[in-house]
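Listed in TrEMBL:
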ACT_SITE  His256  active site, proton donor
BINDING   His256, Asn257, Phe258, Arg259, His260, Asp297, Asp407, Gln458  AMP binding site
BINDING   His260, His296, Asp297, Asp407  Zn(2+) 1 binding site
BINDING   Asp297  Zn(2+) 2 binding site
DOMAIN    180-502  domain 'PDEase'
Amino acid sequence: MGNGSSFEQIKTIYLDINGKEEKIIFSRHSTPLEIHELIAQAAGVNKHSTISLRDKNGAHVAVSPTMPVNSAQNPYKVVTREPPPATDNDAFQAVLTHVAEQLNRLVKVDELKTNFNARLTSLEKRMELEGLKAVEIEKCKSEISYIRDQLWNAQKKPIMTSGSCDHFFSSLSDERKIILKRDIPTYPKYTLSQETVDYLKQPTFDIWHWEPNEMLSLLEHMYHELGLVEEFNINPIVLKRWLLCVQENYRNNPFHNFRHCFCVTQMMYGMIHLCKLWERMTTEDLGILLTAAVCHDLDHPGYNNTYQINARTELAIRYNDISPLENHHCAVAFQILSNPETNIFAYVDKDTFKRIRAGITMLILATDMARHAEIMESFKEKLAAGFDDKNKEHLDTLKMVLIKCCDISNEVRPMEVSEPWVDCLLEEYFNQSDREKIEGLPVAPFMDRDKVTKPTAQIGFIKFVLIPMFETVARVFTQIDEVMVQPLKNAKDRYEEMKSIEEAQKEAKKALSQNH
């Protein structure tokens, strides 16, 4: 009985190859690829040839371990076709074959071997589908890379039981966890009115009236309207997934959250239209500007660089105290883009992606306010020498200044839109200063709840940072003067008036207490 059971695991198939009888023997556990190669060997053709089998009635028979057993009197007729010239898919198929061979040699545990063979069979079937898209090929490559990692781990340590999986995944780096996030559901599709489409281009846009799903749809609209989907050949489904994954990787901080990301991106979109940036830049440049704005504060922890450095946090140590937060935002952005399911640049060539990566990194790093004087000085020097659109250094500096403007542009907006942001920012500042006091770290006066007020927080910033920066940009784009510089001056006057009222009330209260 034992021998019979063993015998049933072997199958013999008879073949008719150009009138010559052949037979092949294989295990029921063989993969379709292994059987395909056996038939190719028997037929004396290249293993990459297309092979089909037909029974005596002319019906096609699938090449698989479950194909019906036949006899020498009723062999399957073998029809072969030589492979076309080598393509990327052939190279990819060769990788699959190599991985299969590695598995056969290295994996000694039957359970693990069966599991890996099943995954490889699944990949092979996907490769056989007509018109397999590049995003799927990237996904296949990612899975093969993961299998290789598993093989390496299998050689180094005992095979993990199901009970040890939780420990394995919990030990992964933060970057890996981004890829392992749950499947992200789609968000509802909104039909935008023409009024909304036009309003979205204005610096006066009120970002407080929109729910998260609506903000996602508005961001999606920007990519379509600016022609970025066509420029980068972005898969629209991947664009949705990417935006959702970006949203998931913004934390619920009082200020540095997903709404701030949307606010900065909307201002960038508004400046693109206000300044007609497509007349000075390529569509690729516009895509870099918008994407950098979307990603510029990814996974912000709610505590600034000064805290990171003074508290000697993991981020500060990792980036040697050099713009730790901005470096982290970049790393998270490109980790998300490394996942084929959320890579909006999957279809661009290597040189284009290299330019995109360098551009986005440059812009996000430019948002570190510690570099403000350096960047503005460089911009003024280029203006003094005569700004040149065709000069890459000039254009790069302009792009850095533009994202800086958008990042701190709240006071450009109407008071009812800008003032709530001041409350959010002060709340985040006070959270940090409270923690710094507890931990015995230095506290910045502008963050100390016992020393700062709303007008004192804003007057100096508007007067010495915002107005000079926007006035400098207005030397290139004169339309900014009326639309952005003037509202900043109005905001400064409003806060100075608010400060005068507060001081008058404080004096009145002081005098009242003295009289009593």
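Positions of Cβ are set from backbone N, Cα and C atoms, glycine also.
A TrEMBL annotation is a machine prediction, not a hand-curated record.
Sequence features, as recorded in TrEMBL, placed on the structure.
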residue : record                    : contacts (Cβ under 8 Å, 6+ apart)
His256  : active site, proton donor : Tyr250, Asp297, His300, Gly302, Glu428
Asn257  : AMP binding site          : Tyr250, Arg251
Phe258  : AMP binding site          : Pro212, Met215, Val246, Gln247, Tyr250
Arg259  : AMP binding site          : Ile207, Met215
His260  : AMP binding site          : Asp297
His296  : Zn(2+) 1 binding site     : Cys261, Val264, His329, Leu363, Ile364, Thr367, Ile403, Asp407
Gln458  : AMP binding site          : Glu411, Val422, Ala491, Lys492, Tyr495
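Note on the binding-site residues Asp297, Asp407: the fewest other CB atoms within 10 A surround the CB of Asp407.
Report note: the Zn(2+) 1 site is defined by His260, His296, Asp297, Asp407, and the residues of the same chain whose CB lies within 8 Å of the CB centroid of those residues, excluding them, are His256, Cys261, Val264, Ala293, His300, Thr367. Looking only at the domain 'PDEase' (180-502), the predicted model's pLDDT averages out at 96. In this entry, AMP is bound by His256, Asn257, Phe258, Arg259, His260, Asp297, Asp407, Gln458, whose most widely separated C-alpha atoms sit 23 angstrom apart.
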